[in-house]
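S.K.: According to Swiss-Prot, the feature topological domain 'Cytoplasmic' maps to 1-6. Sequence annotations record features per position, and here Swiss-Prot assigns transmembrane segment to 7-28 based on sequence analysis. Look at Swiss-Prot and you will find 29-766 tagged as topological domain 'Extracellular'. Residues annotated as N-linked glycosylation site in Swiss-Prot: ASN85, ASN92, ASN150, ASN219, ASN229, ASN281, ASN321, ASN520, ASN685. Annotated disulfide bond per Swiss-Prot: CYS328-CYS339, CYS385-CYS394, CYS444-CYS447, CYS454-CYS472, CYS649-CYS762, in sequence order. Residues or ranges marked as active site, charge relay system in Swiss-Prot: SER630, ASP708, HIS740.
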Amino acid sequence: MKTPWKVLLGLLGAAALVTIITVPVVLLNKGTDDATADSRKTYTLTDYLKNTYRLKLYSLRWISDHEYLYKQENNILVFNAEYGNSSVFLENSTFDEFGHSINDYSISPDGQFILLEYNYVKQWRHSYTASYDIYDLNKRQLITEERIPNNTQWVTWSPVGHKLAYVWNNDIYVKIEPNLPSYRITWTGKEDIIYNGITDWVYEEEVFSAYSALWWSPNGTFLAYAQFNDTEVPLIEYSFYSDESLQYPKTVRVPYPKAGAVNPTVKFFVVNTDSLSSVTNATSIQITAPASMLIGDHYLCDVTWATQERISLQWLRRIQNYSVMDICDYDESSGRWNCLVARQHIEMSTTGWVGRFRPSEPHFTLDGNSFYKIISNEEGYRHICYFQIDKKDCTFITKGTWEVIGIEALTSDYLYYISNEYKGMPGGRNLYKIQLSDYTKVTCLSCELNPERCQYYSVSFSKEAKYYQLRCSGPGLPLYTLHSSVNDKGLRVLEDNSALDKMLQNVQMPSKKLDFIILNETKFWYQMILPPHFDKSKKYPLLLDVYAGPCSQKADTVFRLNWATYLASTENIIVASFDGRGSGYQGDKIMHAINRRLGTFEVEDQIEAARQFSKMGFVDNKRIAIWGWSYGGYVTSMVLGSGSGVFKCGIAVAPVSRWEYYDSVYTERYMGLPTPEDNLDHYRNSTVMSRAENFKQVEYLLIHGTADDNVHFQQSAQISKALVDVGVDFQAMWYTDEDHGIASSTAHQHIYTHMSHFIKQCFSLP
């Protein structure tokens, strides 16, 4: 992209006890600096809602170490990185023969079959059911024998060959050949009670961030799976109103463990799929949790195959400051799995919880005798440590006052990782490689490729890491490039969004400022979306866009076209975000500051940030607002209920209001248990309802979906009740049958239109 990005340097303002150091900031408003002479259109609310200006992605799926699949004009093409050419893998006309609208596809690892997904029906955040057909690529025809049942919950190819494992009605089945009958692996599945090979609600949302609980061994011989038992888990119930012709609303019931309630139990099994027989039932071998876990409630939180016959399991206590990794080997003579205590690796936290959200996954060397893992070092920063399976101690191979975000690939010579080391900016992401024979030899592969445009990268490696796709997300327009890891040479630009860049030349775009303030000798980063032709001598209304949950990050170098773009471009509102105590990727001291005390420091810091912004000279301190969604809705409500006098108004969407109402895994990670012996007092002292009286001083808009399975409508209902009880005049909006995302087309347009009207009224804008 050839956009003449500008750099804003200099001090925008000064504040008492605050140091402001300005870093390079990409300005998106191109052209004249004279607002009166700029006749270009602004980025409007309609532009956001209708997605007028679309960011182009480049999605690929690696199928070998040098080939990937991608879609173009609805054809599936295969690109050969070695020769630099593309060919048609499957024509769009082929899909027309199926008689169904194909939602997704998946190629078997041996390239012989393609799995076609249709009749997609969403369930929760990750889960869904669908129908599947298998297409034989050699015979160029659908397989009609022994088809996978409709309403299948999950399906996955083995890593090699073309075995299939799938879950239907909460039970697991395996196909050795796509056209042959399935082997049934489990017989205990029961809706909302026993889940085999798939997660229940809380494991899906808070532990695995996935619906699948199946793990193939690398050669496809063994299939590991988890079983979750929700028999004793309490149900959340809510009405689903559906079509207006429905005389009685449906009642949705979901096993949902709230803080302190009965949790699901978990068991883990492995089955040998090479020994399946149509005569006898499959034999699944259980691997039990370590004795240190069995003494109380615990979670299975990670499963990783080390070799064909070695598997690692990570277990976590319900109080999530203690985890154990078991490394288990297959004993062919007995058919059992042996997990030696001598190979257990314990991870603990004395200041908070283990991991960012859960313990990180291990990355094993080829022989399975050692692995690399991200853990906190003595200084409280998350870095890569090298473990040998028979030794307790590990060797850190990275260090510094920055953090490794993730390990991306491991070869015999190098380890590749993403970190935020570059220029000391926590909101940046770059790709590095470290030489395994000499840990002092570290190379940043992305830092200097296009530093003005690209400071936030993610990566996708080919099967053996010979090639990789770099995905730049900002601060400029997204850029996708292909590289060879042999010499780290850039091979080609896959997508540069040049068409969008040309369109945006004709739009008055806002600018983005990324900076930090120093409070109590600690850096806290913030970002500001500034109106076009920003003039620091003028006064602007300011909207604080907040999330502020544990390990969150709002101040980053990502390019976005969103609601804030409209507010800044068209309404001349500054939209700011601030990462205070509790935020992530800056060390445990900051992140663990809110351990066992949600609703305190992260709330206070948003108020203090607004105070400091108002001292910068260009903020109208009589027109400061705050808004947030989910945890951000909670913080917004706690801020407005603080009686600080800083904010005129605010919007809370789907907020938590009392932590005893939220799920056990998330809440207890940060708060412990709501018992007198543990942390009940703070549970009770951190509610929005206890601050109801102070809402008389502000304008408040409360929004929630009635079918929110995550943060239940109950949470907003209790806020509403408390405000009514003390006579607070406030606004409220509910969205019928909408879940936590309020994402249906009509609801999405309505909520952002409604919030825009509220903010404009609050700021006295026309």
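Here the Cβ of each residue, glycine as well, is placed from N, Cα and C on the backbone.
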S.K.: Quick check on the disulfide-bonded residues CYS394, CYS444, CYS447, CYS454, CYS649: which one has the highest count of other Cβ atoms within 10 Å of its Cβ?
M.R.: CYS454
S.K.: Among the recorded positions ASN219, ASN321, CYS444, CYS472, ASN685, HIS740, whose Cα is within 10 A of the Cα of ASN85 (N-linked glycosylation site)?
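M.R.: So far as Cα distances go, none of the recorded positions lies within 10 Å of ASN85 (N-linked glycosylation site).
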S.K.: Quick check: of the recorded positions listed here (ASN219, CYS339, CYS444, SER630), which one has the Cα closest to that of ASN229 (N-linked glycosylation site)?
M.R.: CYS339
S.K.: Using all protein chains in view, find how many other C-beta atoms are within 10 Å of the C-beta of CYS472 (disulfide bond).
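M.R.: Summing over all protein chains shown, CYS472 (disulfide bond) has 25 other Cβ atoms within 10 Å.
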S.K.: Can you tell me how far the Cα of CYS339 (disulfide bond) sits from the Cα of ASN219 (N-linked glycosylation site), in Å?
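M.R.: With the alpha carbons as reference points, the distance is 21 Å.
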S.K.: How many Å lie between the Cα of CYS454 (disulfide bond) and the Cα of ASP708 (active site, charge relay system)?
M.R.: 37
S.K.: When you tally the Cβ atoms that lie within 10 Å of each candidate's Cβ, which of the recorded positions (ASN85, ASN219, SER630, ASN685) has the highest tally?
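M.R.: Ranked by Cβ atoms within 10 Å, first place goes to SER630.
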S.K.: So what's the mean pLDDT when you look at the topological domain 'Extracellular' (29-766)?
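M.R.: A mean pLDDT of 97 is what the model gives the topological domain 'Extracellular' (29-766).
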S.K.: Per residue, counting other C-beta atoms within 10 angstroms of the C-beta, which of the recorded positions ASN150, ASN229, ASN321, ASN520, CYS762 reaches the highest number?
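M.R.: Ranked by Cβ atoms within 10 Å, first place goes to CYS762.
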S.K.: From the Cα of SER630 (active site, charge relay system) across to the Cα of CYS447 (disulfide bond), what is the distance in angstrom?
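M.R.: The Cα atom of CYS447 (disulfide bond) is 34 Å away from the Cα atom of SER630 (active site, charge relay system).
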S.K.: For CYS328 (disulfide bond), identify the closest of the glycosylation sites ASN92, ASN219, ASN520, judging by Cα separation.
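M.R.: Smallest Cα separation from CYS328 (disulfide bond) among ASN92, ASN219, ASN520: ASN219.
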S.K.: State the Cα to Cα distance, in Å, between CYS649 (disulfide bond) and SER630 (active site, charge relay system), rounded to an integer.
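M.R.: Computed Cα spacing between CYS649 (disulfide bond) and SER630 (active site, charge relay system) is 18 Å.
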S.K.: Name, in the order they occur in the sequence, the residues of the same chain whose CB lies under 8 A from the CB of ASP708 (active site, charge relay system) and which sit 6 or more residues away.
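M.R.: The list for ASP708 (active site, charge relay system) reads TYR238, ALA654, GLU738, ASP739, HIS740, given in order along the sequence.
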